[in-house]
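Reading through the structure tokens given below for one structure.
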Amino acid sequence: MSGKDGVMEEQELKPQPNWHAMTKAECLSELGLPAESHQTKGLSAEEAAARLEKYGRNMLSGKEKKSLLAKIWEQVANVLVGILLFVAAISLVRVFTDDPVTNGIQVGIIIGVIVINTTIGIVQEGSAEKAAEALKAMLSADAIVVRGGTEVKVPADEIVPGDIVMLSLGDRVPADLRMLTVSQLACAEAALTGESVPIDKTVEKIESDEPKSVPLGDRHNMCFSATLVAQGSGAGLIVATGDFTEIGTINQLVNKVEDKKTAVLEQIDTVSKWLAVFIVITAVVTFLVSFFTTDVDNRDWLESLSVALVCAVAMIPEGLEAIVTVTYAWAVSNMASQNAIIRALPAVETLGSVTTICSDKTGTLTKNEMSLVAWVTSNARYKVDTDSTERSNKNFIRDDAYMAERADHTKMMKTRDVLKSGPGVSTHDRFGKKEQDFPYTMRGSVIDKNFASEHGKKAAIEAAIEAGVPAAVDNLPVGAGESPDLSFFRQGLAGGVLCSKCTLGKDGGREGEIGNPTELSILRASYWGGVEVNQMKDSSPIIAEVPFSSEYKFMATVHAPVEANDGSGKDDKLIIHVKGAPDRMIPLCDKQFKAGMLSETEEIDRDYWIEQIAILSSHGLRCLALLRGELDKSAVSEGDQLGPEFVQDKGQWLTIVGVCAIMDPPRPECVDAVSEAKGAGVRVAMITGDHKDTALAIGLMLGLVDEKYSSAITGPELDAMGDEEIKGAVQKYNVFARASPQNKIRIVKALQSQGEVCGMTGDGVNDAPALKAADMGVAMGKEGTDVAREASKMILADDNFATIIVAVREGRVVWDNLRKVLLVNTPINNAQGLSVLFGLICGLPDTPLTAIQVLYCNLICAVTLGFVTAVEPAEDGIMDQPPRRVGKRLIGRYLFLRIALGTVTLVACTVGSTFWARSLYLDGNSETSDYYYDEVLPLMRSQASNTLTFGACAITMSARFSYNSAFGTRSLYGNKFAWYSLAIVGVLQVAITYIPGLNDVIFGMGPMKGEQWGIAALFSFVVFVVMELEKGVRRALKAKGTDVGDSEYGFFDTEPKPSQDISLPKGASHLNLTTVKN
């Protein structure tokens, strides 16, 4: 049951009885209900109230939500904000004791910075996990129950175990039900189980030696909460509500899996802690220097403390969190424009460190469109271009080498065994259910053993192979690499087009198509080959038919002859087209059309056809045989409903035209994406519920199957393994076939135990825990459920694997850009504080920068200059590098040295320019005179401010490129915001330098003279040259093989120790619902 207000309580869900394995009477008895009358009378109002008190409301529990104050506290409870608040408090005191204007502005700026950063953090947190809410939204609002012998509508959260629920078409099931009566009842359970078709419901108990192992998809006498009634009606006994339902189990798993903090957030925390220590030490040293270098008579501890705090404020990266957020947001915007929708900004960085991506097959790696990929005739095979966008006979090309030999793992098998194990075999899936997406399945036992021989003994095959390379043995009707004319395919594929009740989609696409995907593949291929499919069907209507049945695995239709389809001289005949499972069709044939042409027949070579079917099946292709025959016109009458015996009882009388090889082919862009991923050091694995041979064939086409990962493993094989064996298996295989959602979780955890950063795709409710467990859960935008989307960190708007690789590239850009942001912001912040300290150490009687100057420079430089590097496009070669290692720090040894170099150079230039300005304008006057304070000190502070700011601009322009030189034209292009930022900074610097009142009253600056701009320009160029020389040195070291990109583990890094526990969370056994249908 759920806790108060739906908040999750710490409870252990008790094991539920195996309701599906119990009779109706046993179920009623288990709930303490009378078996004779309860179905008609139901619960009384008093009994319902008592059960509501016992079981709780029918609602899903959730995590306790944080209050606004708790969220605010999480954002401000860190050392850096504490230092800022301390500085604000001291400044507030000085409002009443010293300069109220300057100190008041300082307090306002500090509080403003804290408020802005806190708001950003809270808004980001508000966009986080909503998976539980999505699950709750799937629940029914009301239910029709029997109470006191009357059907009444009650709120769904008030129904209880023991209630009788009445279901009808369109209802959403309000709780888990054990069905008592059904009338053609079927429920759509795809969102829960992954089953693609509605499940017919029964009332009898399900016999099983292990009732708990029966998947939900096979519990036909149960209806489950949140599923939909697709047809019929029925009455069911509520056996579980709330968190005790199957969807409640998933809800608890989703809530149990904690979100992981990404590496960037951890590193920002670490950087902040080290900065806090450095800031405190520097502030203390500044206080001591300021206090003890002042004459004893003029010492003022409050003034020295104020100077120290100016130094502290200068070094605090107030704008760092804001610019990190901007970096993420920019990447998210770029990715959204390319169909990758990020749900949590820090997840962008995780993408850049992903080492393994586990992807679904159907619709993600493949087109989710069954397609005719090959057409085999008696002497040749024609490869079909499934990616063509032009209608032409050129889409069919003779290629006798295309899948002309068996897949390696079947070469030593007998033909009979290959056919028995192929993807087109009528077997049960791993959970005992019949396959439903390919009706024309084969059954190996039908093939007469006289037909089946060992591989390599067919003369027809041997004659077609020379030196191991298949070649055309004749040029009928065309030679290798050529395309036959349109009439060849119109006549050859006529059986697939006419012997079909399917409707082709608009313009040969998916829109408006009706029928079985396998049959539609032939219509679609014919259309793109130039055949006018609808016109062809209209000109040759069906006279009579043998409708398809799964019992005999074929369909037959009778038509009047049409010359364009059947050739001439057939006027006194009727044409019968038969389409079916090849092993059922070949025994019915005595002839074959020579070279697939209707003009000539020859004796059938059964060994040849059986071997071709075996070859195609070994590559995961599904096969359909197309046959023809002729009938006397008197044999049938229009509208006759023929039985299978009409075809089967005539002996060997049909002629085989050819065999269609059908599959859901890979997306062409995914082939390139997998190749790019390999080059980037990212491994791609495929997890599918499909047959092993099909999975291997697709894996081979995509480049997932190679010498290192040469085979596949199935879900049942994983189920039989121990933890250590699974850990080894996930490193050995790239293809996981016949996998269940339960397997997905273990695969993810096993990969993580080996130090992998794992991405995982999913679309169903039962995928949500695996998506949460993965480092990067990726949901489908088109086919996915809301629950899967809410449990993920990224959504693919186009359901396309190639989009993930785009996101991986953007994730790497984010990491690079965050390092660039630190290279810009950290030296600037450090230089502001250290310039104050070293100015005093070197003998200046007053700080070279005021507190307002420091805060202004801090914010303006972070927001403008930091933004430049935050949005810098990817540098060349970013996808040629391996993924960032887990545990790598943002600031590695070389970046630390670069930051140190930038800091030292900028401090030296800032302090040096200040002394230069003092020597120009002091003119022998005392540093205690009014002239010094009124004229010289403002000019010195203007010099320090402008040298520091434009020196920061120089660091920014250099930092845009990690290795490449910024000298030359590349700095002029690629990032327009660089020039916008420089313009903004320049205009603002001129404004605060020359606008009266703004410069002297607020910033304590004086209008600069011409020579001072020369000094600022000179020192800015010095900073730029120093940073570029450092890059030149690193390029030289890199050429010698030295790690200058902080890719190896170093002093600053922590090598991870991943958890070795790959056991499933409690309740995850319920995820063993059905085969993953992709």
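Glycine too: its Cβ is placed from the backbone N, Cα and C atoms.
Remember, TrEMBL labels are computer predictions, not curated facts.
Feature list (source: TrEMBL):
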DOMAIN    18-96  domain 'Cation-transporting P-type ATPase N-terminal'
TRANSMEM  76-97  transmembrane segment
TRANSMEM  103-123  transmembrane segment
TRANSMEM  274-293  transmembrane segment
TRANSMEM  895-916  transmembrane segment
TRANSMEM  977-997  transmembrane segment
TRANSMEM  1012-1029  transmembrane segment
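Count of Cβ pairs under 8 Å against the transmembrane segment (76-97): among 274-293, 895-916, 977-997, 1012-1029, the largest is for 274-293. Within the chain carrying the transmembrane segment (274-293), a Cβ under 8 angstroms from the stretch's Cβ atoms is held by residues 79-80, 83, 299, 301, 303-305, 307-309, 311-312, 315-317, 826, 833-834, 836-837, 840-841, all 6 or more beyond its ends. The average pLDDT for the domain 'Cation-transporting P-type ATPase N-terminal' (18-96) in the predicted structure is 83. Residue counts for the domain 'Cation-transporting P-type ATPase N-terminal' (18-96) under DSSP (helix as H, G, I; strand as E, B; rest coil) come to 52 helix, 2 strand, 25 coil.
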